[in-house]
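Feature annotations, courtesy of Swiss-Prot:
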type	residues	note
SIGNAL	1-21	signal peptide
BINDING	Ser126, His127, Tyr280, Arg297, Tyr361	substrate binding site
ACT_SITE	His127	active site, proton donor/acceptor
BINDING	Asp189, Asp199, Lys201	Ca(2+) 1 binding site
SITE	Arg236	site 'Neutralizes the sugar carboxylate group at subsite +1'
BINDING	Asp300, Asp303, Tyr305	Ca(2+) 2 binding site
Amino acid sequence: MKCLKTLLVSTTLLGAFSLNAEVTLEQQIKITDEGLHFDGRNLDFSNVGSPDTGEKYDYFFGPNISAHGDAVKTYKHYVFMTWYKGGKNERNVMLSRYNTLSGELSTIEFPHRHTGFRGDPLVGESHNTIGLAVSPINGTIHMVFDMHAYDDNNHGGKFKDDFFRYSYSVPGAAELPHSEFTLDKFVKDTSEVSQGDDDYKHLTMTGDLGDKGNFARLTYPKFFTTVDGTLLLYMRLGGNNNGAYVFNRYDAEAEKWSTFTPFNENNQKSKGNPYNWGLYGNMKYINGKLRVGFQQRSSDNTDKYKYQNGVFYAYSDHPDGFGDWKNHKGEPMTWPLINSDEIKVFEPGDYISHTEANSVYIVGSFDWTVTEKGDIHIISKVRSTDRNRPDYEEVYIHSYKPAGADEFIISTDFTGASEIYTSGDNVYIVGLEGGRPYVEKAQGGTNNFVRVYKATDGPVFDHGTLYIKDGKVYYYLMERTSGNAMPLYLQIIDLDLESDANAPLVSFPSPSLTVEQGFEKLSLNISAESPVEGRFIQSVSLYINDELVRTDDSMPYLFGHGSKPHETGAMGWLDTHEPNPSPLPAGTHIFKAVAVDSEGDSAIATMVLNVNSNAPIVSFPQESLEVDEGFEKLSLNISAESAVEGRSIESVSLYINGELVRTDTSLPYLFGHASKPHETGAMGWLDTHSTNPSPLTAGTYEFTAVAIDSEGEESTASMQLVVKGEPQPPAVTWPNSTVTVYEGYEKLAITIDAESPVEGRDIQSVTLYRNGELVRVDTRPVWNFGHSFAPYEFGAMGWLDRHEPNPSPLGVGTHTFTAVAKDSTGLEGESDMTLIVLSLPGPSITINESDVSLLTEYQNLAITADASTANDDITIVSLALYLNEQLVREIYEPPFEWGGENYSDELLDLPVGTHLAKVVATDSNNNQTEASMFVTIELLGDLNKDSVVDNKDIRLFTAALRNGEEMNIRYDFNDDGVVNNRDTRGLVHRCTYSRCGSN
């Protein structure tokens, strides 16, 4: 089935649907050549910290930010459009106004630039769209822009006092002349949190900073205008699986917005709901009412849905939505909503066969609308989560409830669409095929789409967004070129509603009927007439489920009359009628009447016929059941009865995973009773029961009951049994179980490995705790913490220029980090890592000389040292030399040398003895380290080391010479270059006592 990227739209046709309207392109206008577009890589958390720093503009989520979101609106004969300015270094918020009468284009450039993903301007953020509105009461322009659930504290406080961005103009600015349509018509922020003299962004819409908490953590702005001209704004509060829709109101007379009011509560679990949930859909003001339609994303990760499930719809009978909310049946709901089941319409996940956890995926291609006469249309898509599985399934669904009908018609005969807009009674699909616009239309309350327009030339477009007003489509488009600045266009497409007014008026007696299977009679008198004088109805054709029944060319247009009893699916009611061999079976059937007038114009009406089944009604005690592996007892009392008086139940058969267990032919239809304990997979529970040799093991089982009545008609019911085995939680692994760093460390980024040991289970989240306190929950692999957008998670200081120093770094000590992984069944596994933070060591110091031994009267002594620090951010302040704890000299820069040039005598004249030389190094953290050596000074001539020079030393001297021993050159007293007997006299002259000399 070919799938097109489409939009679904509706507009008025005065009660009839014409197939002959001439939809035309009325105008095409180039708005700019410089619309911002993200042309780089689609990043994730594993690489978002290293975006392209060149020309390419990398992005997170999606590449579109201009001609995206709530970006085009009309006011009188003007069309207003918002966009961001390309390229990468521009990014300004822009507002353009096109005058459809004069062709004049005016553009205002705002100082604010797109801040990028979580505050990084190098990474584009497609969710940060610009919402736009013009008050029809006072001509003020309102813009809310460039935000994604920001508050004062998240993302390192980057958005403090700037997490909500609202700009507005003075009254009447919307229709000022071209020369006066300028930036100064917008109101500056002069509050205490103003970002400067050119700040046109306001932190609240009320003007009161005391309300700022009401404007935090919001995303996706969209404005609406009520029937009396009041502006409403709705946004999403919170996150994907715990969020709420909130809305506020503009009082044009007071020129003031209210605070936001919730449609539903978030944190629903704390208010009694079994789980938290978020909304994926829209709030819209359509047909005079505020309405909501969405799919639910719950925090329950054990069901078969990967993300969203269900279709939910509600509307308010209050003119501004402040109360009186109801479901599609008109039944009151709790407001604010807590339990979403109060407004559930149906479950798209039932339209594919998968039942395993997280196997069903219904993200995207969802939207809804309501026509002017009250037809509700909802589109959705469901597919297998795993696109590679051999039994892959994908279904597009168009569910619609014609005005006056009680229930929805669910059709899978639908090619798909992405968004819906409404204005009247027709449904339109507007989209791009081959990059060029096309339009298809169907009458509201039907699924009969016909293509009525296709562009064949002109620019090829990449994407667009649209707004419909008074029968015209304002299609705001980005041309498909290249780079991060691409052209933007406005196309105005006329839907030709005037010709639709000439279409015939055709209707069934009722929009819906309900009959019992085997109904005898259904006669339908179809009303058809032309609203144009002089025209007449040429024919009326009846179709059932899109198959032609008959064409009638004369009044009355009666189908199913006495001569043709079977044509409406009835059995026949007269004695002359043979039983219908092909009566309409149980189910929902669409009757369609096509009226054609004398000018060839045609119109369609539809009716829903519900045929109630005569088959037995059969059910299990409950739809699903969980037991532990090895369960002893499972008794199932299956209910079965006939819907038709006089019939009886002949048998009920039980199947497990398609295999017959047993057929029971008498009440009660009880399986797994005491006489047959094993047939439902149980072990047995009485002393008389032997152990089941083939019990049901861990897994999911489909139980099916087939009931057959006395006429041979059968019905089935099913129950899912989950047999739980021993828990197999995810395995969590750190790269290293212990990491050691020094105090003040700049960077610590760690990727955690988490996987389930069970095939088919996915890791839904990894949560990091530091010393028992929550750090962050990551819901998208790779499970990377401490990356450049979260540099402080492991207590580091930060390492990029844009990182402010961590105000709370981890101190010296041992810290425990715990990673908790949760899988798609809700099981959790965890693992710890120990982080040891050491004090920064003092400097390393080395004295280059070993211990020194010298003789008195030595002429030189030098000591040198080298020192280094623990890291490059620390410097050496000084090295100081101490001799015997007395400072010699402190040196503040290398070379570190004492006794060298310019200081040659500072180490001379040391007395006899051993001296401690100590060098103390001091670094810029005031840490000190020391190294030491010994300097020994001996008395010259005291060869026997008795502290005097005497005859004993002279004898030792002469004996050494006789023995040829090498002597210190200092004993060359006569300076002839050798030490010999001639130096004995010199030694004698050094005798301590004069007597030695005379001797």
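The backbone N, Cα and C atoms fix where each Cβ goes, glycine too.
Positions of the features from Swiss-Prot, shown on the structure.
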residue: Ser126; record: substrate binding site; contacts (Cβ under 8 Å, 6+ apart): Phe38, Tyr59, Phe60, Phe61, Gly62, Pro63, Asn64, Ile65, His68
residue: His127; record: substrate binding site; contacts (Cβ under 8 Å, 6+ apart): Phe61, His148, Thr219, Tyr220
residue: Asp189; record: Ca(2+) 1 binding site; contacts (Cβ under 8 Å, 6+ apart): Gln195, Asp199, Tyr200, Lys201, His202, Leu203
residue: Arg236; record: site 'Neutralizes the sugar carboxylate group at subsite +1'; contacts (Cβ under 8 Å, 6+ apart): Leu218, Thr219, Tyr220, Gly243, Ala244, Tyr245, Val246, Gly278, Leu279
residue: Tyr280; record: substrate binding site; contacts (Cβ under 8 Å, 6+ apart): Asn240, Phe294, Gln295, Gln296, Arg297, Gln308, Val363, Phe366
residue: Tyr305; record: Ca(2+) 2 binding site; contacts (Cβ under 8 Å, 6+ apart): Ser298, Gly349, Asn358, Val360, Tyr361, Ile362
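Within 10 Å of the C-beta of Tyr361 (substrate binding site) we count 21 further C-beta atoms, all protein chains included. Counted over all residue pairs in Ser126, His127, Tyr280, Arg297, Tyr361, the record's binders of substrate, the longest Cα to Cα distance measures 22 angstrom. Asp300 (Ca(2+) 2 binding site) counts 15 other C-beta atoms within 10 Å of its own C-beta, drawing on all protein chains shown. Applying an 8 A CB threshold to same-chain residues 6+ apart, the list for Asp303 (Ca(2+) 2 binding site) reads Asn309, Ala357.
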